[in-house]
Amino acid sequence: MANIAHLIVSGLLAATVAHGQQYEGSSRSEDAFSYVQPRNTTILGQYGHSPAVLPSPNSTGSGGWQAAHTKARHFVSQLTLEEKADMVTGQPGPCVGNIVAIPRLGFNGLCLQDGPLAIRVADYASVFSAGVTAASTWDRDVLYERAFAMGQEFRAKGAHIALGPVAGPLGRSAYGGRNWEGFAADPYLTGVAMELSVKGYHDAGVQATPKHFIGNEQETQRNPIYNPNGTITDVLQEAVSSNIDDRTMHELYLWPFANAAHAKAAAFMCSYQRLNGSYACQNSKALNGLLKEELGFQGYVMSDWGGTHSGVASIESGLDMNMPGGLGPYGTIPQAGSFYGGNVTQGVKNGTIDEARVDDMIIRIMTPYYWLGQDKDFPSVDPSSADLNTFSPRSTWLRQFNLTGERNRDVRGDHAKIIRRQAAEATVLLKNEKNALPLKSPKSLAIFGNDAGEPTMGAVNQANFEFGTLAAGGGSGTGRFTYVVSPLEAIQSRAKQANTLVQYWMNNTDIATTDVTTLWVPAPPDACLVFLKTWAEEGEDREYLHVDYDGNDVVSSVASKCNNTIVVTHSSGINELPFADHPNVTAILAAHYPGQESGNSIVDVLYGDVNPSGRLPYTIARNGSEYNAPPTTEVTTTGAEDWQAWFNEKLEIDYRYFDAHNISVLYEFGFGLSYTTFNLSEINAEPLVESISSVPEQRPIQPGGNPALWENVYNVSVVVTNTGDVEGKAVPQLYVTFPDSTPAGTPPKQLRGFDKVALKPGQSQAASFQLMRRDLSYWDVVSQQWLIPEGEFVISVGFSSRDLREVVRVTPVSGST
């Protein structure tokens, strides 16, 4: 979804943006770009194949929702046809998405609010760390706690439905503009984060909405280009089509959404782009086939804002709720009509739409509402949200909303402490030489970089401003800050305790072109801290991977004169780091988007109050041109169907690609340093079942799919020891190498487990990893099921994807089985 400012720009300049981006420093030939149709698609299955799956399956309330399902059916039985149409059609109102109330039934409506790191359209609310930051903790407790705390704030502001968490984009491309909203460029780590986030939201009494389903891996041309001289639905060029083969769909992009379904997610949001030629929000193979049938999803599917492109076809294909309800770009013109709304009423009356299908749409919407107890004592919508909602200001409302509750509620509680602690734990220490960190009572510090200080445009909303620290990205996934603690503010506060001299310069242009020895007085500082940033936002993909505002030149200028240069990046994700090997750059920390406690969290790490335990949720290549799978950013023809993104890299994204092609990297997936050291020993794999067959037992589908896939079949344990001098947290990671009998195209190794273990110096503790059947299975495109291949699996445990220290081999299925 887009905020209103970006909506206007996108609507007017879509063609310019779509054709204007190039990749800096790239020497790729045309054949390397993803819009070229691959010549050989036989290995992993057919491309562009989305067979119709009709009708849309009815919900059953399975997975423990039966009582709520019964209440939902009773509710639907009392509705008029017009009320049924209202229940599946959004209306402009106080929240970014609204379902109107039905007072005669005691139903107060539904409030849907962004987003994945905060309740965006609200004041006096916290702004948490971004998804990529949370994933960098590799900590299950953090992932759950973050979602639970956010859910508390959503509920206190009267929001029934949180529009998050994010598994799409997964991170296919390093340039993805919204990668920071998601978690990791890996389906397993993202899947764990999705499952725990859904549980956290739900335990707080708020509906989770995993998004964007599915194949939403670029921003460029995510929506069609409309004819400015035509009707409101007259399209010049369709949205880009993500063309994904069957095996890749299951093993990469569907995998984390399966975790979300397994956690009994209330809703799913379908994505803007086309999938194998059909818009994702009317792709019956994806919505009916994959989600509702294969994964047994019992909740409802809502469109992304303006992602609905038809009425009857979308309803039949599995779209249950049209948001925000109107026509036009991003669905923001309700006065022009709706694909749903009155057309639902008319379609039922003339027999075009089966009323039983409409009933199931509403049952799916109301079942999680009752399951979470939102029909009892749920807070009213904070009236101030209506004043802040530029997406649907009051002048656009077609219905009246009863906003009588407390205004300007402060819902933050003690969440600042949580945000600070989590952001510190997420910080990834990439380099630390000459014992540069932690800082040891420095007498003098020099601070450089336009990311160090206060946001000069105010802290309320993040934007790509030149001066001021960057704590979140842009678009609907951002937050409305009450305050941001800048690095400079936090360092100055800490420095006062030790009478440390702090000097600072925040004009990158001046720093990059000045002899910095002329800046510091009276002597060289003990350490030079350089703060760099990289902006990313919804609606556009990144054009380059280096840091913004001449950041590399800033580092070069400082490091040429300061032999203890410490670099901190606040970034959406992947950056080229050409200064990593500079001898005077003694330390590098990746802090990503840390949220409102940005400065405090980095100071905790710099001074050693927190031992960094963050690990990379992606790979940092030596050169940006080495990444595969760039987004499609240029189409030279004007045909309606010309925007195609061929996912011909198949399963080879991020570390899987670099491993498959034996490419050296700067910092590998899962990498991160500590102020202490760790070791592993005594690996062991214990089978948890007497025998394992290649084919899973066929059981009634539950949320998440066949329950047999979620059963643990092995327990792998390893002893972790702190071999250093200070307390710290180790992150042992388990990777699986599949047997040679697995079909071609299988990555050399895949993450299938991780743990986080706090250890005092000299302490040892066992870490354990539960391997499920699905962890040892591949998707067979012929039999259309998950199979465990015959032969020997290699299970490796280490501290990153390329630091594997303990190995054990298991053979779940032998050739004679």
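Quick reminder: no glycine exception, Cβ is built from N, Cα and C everywhere.
From a predicted model like this one, the values you see are computed outputs, not experimental measurements.
Under the three-state DSSP scheme, Asp304 (active site) falls in the coil class. Look at Swiss-Prot and you will find Asp304 tagged as active site, backed by similarity to another entry.
Summarising the annotation, Swiss-Prot assigns N-linked glycosylation site to Asn40 (among others) and lists sequence analysis as the type of evidence.
Cβ contacts within 10 Å of Asn58 (N-linked glycosylation site), excluding its own Cβ and spanning all protein chains shown: 12. As annotated by Swiss-Prot, N-linked glycosylation site applies to Asn58 (among others), with the evidence given as sequence analysis.
Residues annotated as N-linked glycosylation site in Swiss-Prot: Asn229 (among others). Listed in sequence order, the same-chain residues six or more apart from Asn229 (N-linked glycosylation site) with CB atoms under 8 A from its CB number zero; the list is none. Classification of Asn229 (N-linked glycosylation site) by DSSP places it in coil, neither helical nor stranded.
The N-linked glycosylation site annotation in Swiss-Prot covers Asn276 (among others).
If you look up Swiss-Prot, you'll see Asn343 (among others) marked as N-linked glycosylation site, on the strength of sequence analysis. Here the Cβ of Asn343 (N-linked glycosylation site) has 20 other Cβ atoms within 10 Å, regardless of which shown protein chain they belong to.
The N-linked glycosylation site annotation in Swiss-Prot covers Asn350 (among others). On its own chain, Asn350 (N-linked glycosylation site) has no residue at least 6 apart in sequence with a Cβ closer than 8 Å to its own Cβ. When secondary structure is read from DSSP and collapsed to three states, Asn350 (N-linked glycosylation site) falls in the coil class.
The feature N-linked glycosylation site is assigned by Swiss-Prot to Asn507 (among others). Sequence-distant contacts of Asn507 (N-linked glycosylation site), defined by Cβ-Cβ distance under 8 angstroms and a gap of at least six in the same chain, are Asn450, Phe467.
Asn563 (N-linked glycosylation site): 14 other CB atoms within 10 A of its CB, across all protein chains. When secondary structure is read from DSSP and collapsed to three states, Asn563 (N-linked glycosylation site) falls in the coil class. Positions annotated as N-linked glycosylation site by Swiss-Prot: Asn563 (among others).
In the shown protein chains, 18 other C-beta atoms lie within 10 A of the C-beta of Asn584 (N-linked glycosylation site). If you look up Swiss-Prot, you'll see Asn584 (among others) marked as N-linked glycosylation site.
The N-linked glycosylation site annotation in Swiss-Prot covers Asn623 (among others). DSSP assigns Asn623 (N-linked glycosylation site) to coil in the three-state reduction, placing it in neither a helix nor a strand.
Positions annotated as N-linked glycosylation site by Swiss-Prot: Asn662 (among others). Under DSSP, Asn662 (N-linked glycosylation site) is assigned to coil, being neither helix nor strand in the three-state scheme. Residue environment of Asn662 (N-linked glycosylation site) contains 7 other Cβ atoms, counted within 10 Å of its Cβ in all protein chains.
Around Asn715 (N-linked glycosylation site), the same-chain residues six or more apart in sequence whose CB sits under 8 Å from its CB are Ala685, Glu686, Leu688, Ser768, Phe769, Gln770, Leu771, listed in sequence order. Residues annotated as N-linked glycosylation site in Swiss-Prot: Asn715 (among others).
Residues or ranges marked as signal peptide by Swiss-Prot on the basis of sequence analysis: 1-20.
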Lowest local Cβ density (other Cβ within 10 Å) among recorded positions: Asn276, Asp304, Asn623: Asn623
Of the glycosylation sites listed as Asn343, Asn584, Asn662, the one whose CA lies nearest the CA of Asn623 (N-linked glycosylation site): Asn662
Spatial separation of Asn584 (N-linked glycosylation site) from Asn58 (N-linked glycosylation site) - C-alpha basis, Å: 64
Cα distance (Å, whole number) from Asn563 (N-linked glycosylation site) to Asn662 (N-linked glycosylation site): 34
Whole-number Å value for how far Asn276 (N-linked glycosylation site) lies from Asp304 (active site) (Cα to Cα): 18
Inter-residue C-alpha distance, Asn276 (N-linked glycosylation site) and Asn343 (N-linked glycosylation site) (nearest angstrom): 27
Rounded to the nearest Å - Cα separation of Asn563 (N-linked glycosylation site) and Asn584 (N-linked glycosylation site): 4
Asn584 (N-linked glycosylation site) and Asn343 (N-linked glycosylation site), Cα-Cα, nearest whole angstrom: 67
For Asn343 (N-linked glycosylation site): DSSP state (helix, strand, coil): helix
